[in-house]
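Novice: My questions will all concern the structure given below.
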């Protein structure tokens, strides 16, 4: 929005030309989202406390979590607000990739909001019925994927980028829609499963978003895309603004979500952020890179799948409790130790993922 305004004002003052620089807009996008999140934090927490929107804690969970009962939840609203405002201010409104991310972010946020509302207001511990949650998540994911396929069919938009192989970029055809669906829905649920400890989900989200900001910049730059042997996508550059907004909003939220948390993001935040990371990976053609950089989310999800599968097939559990972060809690690890170690692993995986762009 401000970019368009600056383009009209630059004829009166050349200094407005700075708004056309992607690097400048990426920095101010991060700062804008950060300050909005920090400003909203105390007000949001006070409002949630007044409304008695407190966290519901399972009785069969770790005993250390009982003290979290009643902590304000649905704080993801301030994350989404900060991201959306920052993106609308600093990204080109005409960029279709930006709108794809916003559709998934807001759509999944609404689904998460309904789920949280049923849990904390109606006191329904199950929240939104699972089949309806997956139905609406699927509708959004398939709608966006199908639209992208129609526009980018038989172009680099629908190619699959395979790590370590610079000349292996097969056209996916209709499989593109199916892959995109699983990436978007899967990442949304993966981040949701990871959001079980104070700050555990938000920091890996920040790391992955920061990594994708660098990838988006390279993908939207023809010279760097050719140098790294990745598809050049002319709309990808504006995703830098989206990614830095996620980083800023996430850091602002972490200020209040760090142990011991003053507020939790709830499903409204975790589903939306996960969905956003998923669609960003799809738009950049870096689904494999998401698996590497978002390895913490992948392991958390696999731990649940293995736990459920093992119990149904063998009647035995693999972990003391799933997702796996609860397993380490029950082994006696203090919560901050689990959180920080998962952060360190996440940062390492993002750096490894970025390194794969050059190792081809």
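Glycine too: its Cβ is placed from the backbone N, Cα and C atoms.
Not my notes, these are from Swiss-Prot:
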type     : residues : note
TOPO_DOM : 1-25     : topological domain 'Periplasmic'
TRANSMEM : 26-46    : transmembrane segment
TOPO_DOM : 47-71    : topological domain 'Cytoplasmic'
TRANSMEM : 72-92    : transmembrane segment
TRANSMEM : 94-114   : transmembrane segment
TOPO_DOM : 115-131  : topological domain 'Cytoplasmic'
TRANSMEM : 132-152  : transmembrane segment
TOPO_DOM : 153-167  : topological domain 'Periplasmic'
TRANSMEM : 168-188  : transmembrane segment
TOPO_DOM : 189-198  : topological domain 'Cytoplasmic'
TRANSMEM : 199-219  : transmembrane segment
TOPO_DOM : 220-235  : topological domain 'Periplasmic'
TRANSMEM : 236-256  : transmembrane segment
TOPO_DOM : 257-262  : topological domain 'Cytoplasmic'
TRANSMEM : 263-283  : transmembrane segment
TOPO_DOM : 284-287  : topological domain 'Periplasmic'
TRANSMEM : 288-308  : transmembrane segment
TOPO_DOM : 309-337  : topological domain 'Cytoplasmic'
TRANSMEM : 338-358  : transmembrane segment
Novice: Any residues 6+ beyond the ends of the topological domain 'Cytoplasmic' (257-262) with a Cβ under 8 Å from its own?
Specialist: 41, 45, 68, 71-72, 75, 197-199, 202, 335-336, 339
Novice: What stretch, picked from 72-92, 168-188, 236-256, has the most CB pairs under 8 A with the transmembrane segment (199-219)?
Specialist: 236-256
Novice: With DSSP, how much of the topological domain 'Cytoplasmic' (257-262) is helix, how much strand and how much coil, in residues?
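Specialist: For the topological domain 'Cytoplasmic' (257-262), the helix, strand and coil counts are 1 helix, 0 strand, 5 coil.
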Novice: Cβ under 8 Å, sequence separation of at least 6 from the ends of the transmembrane segment (94-114): give me the contacting residues as numbers and ranges.
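Specialist: Hits for the transmembrane segment (94-114): 74, 76-77, 80, 83-84, 87, 128, 133, 136-137, 140-141, 144, 147-148, 151, 184, 188, 192, 235-236, 238-239, 241-242, 266-276, 278-280, 283.
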Novice: Counting each residue once, how many in the topological domain 'Cytoplasmic' (189-198) are helix, strand and coil under DSSP?
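Specialist: For that range the per-state counts are 6 helix, 0 strand, 4 coil.
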Novice: Going by DSSP, how much of the topological domain 'Cytoplasmic' (309-337) is helix, how much is strand and how much is coil, in residues?
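Specialist: Each residue of the topological domain 'Cytoplasmic' (309-337) counted once, the result is 16 helix, 0 strand, 13 coil.
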Novice: Compare 132-152, 236-256, 263-283, 338-358 by their Cβ pairs under 8 Å to the transmembrane segment (26-46) and return the stretch that comes out on top.
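Specialist: Looking only at 132-152, 236-256, 263-283, 338-358, the most contacts with the transmembrane segment (26-46) come from 236-256.
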Novice: Could you tell me what the rest of the chain brings near the transmembrane segment (132-152), counting residues at least six beyond its ends with Cβ under 8 Å?
Specialist: 96, 100, 103-104, 107-108, 111, 115, 158, 174, 176-177, 180-181, 184-185, 188, 271, 275, 278-279, 282-283
Novice: Sort out the residues at least 6 away from either end of the topological domain 'Periplasmic' (220-235), same chain, that have Cβ-Cβ distances under 8 Å to it, and list them.
Specialist: 22, 95-97, 156-157, 159, 161, 166-167, 169, 283-286, 357-358, 360
Novice: Any idea what the model's mean pLDDT is for the topological domain 'Periplasmic' (153-167)?
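Specialist: 85, rounded to a whole number.
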Novice: Would you mind listing the long-range same-chain contacts of the topological domain 'Cytoplasmic' (189-198), meaning Cβ under 8 Å and 6+ residues beyond its ends?
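Specialist: That would be 112, 204-205, 257-261, 264-265, 267, 269-271, 273-274, 277, 294, 296-298, 300-301, 304, 323, 325-326, 329, 335, 338-339.
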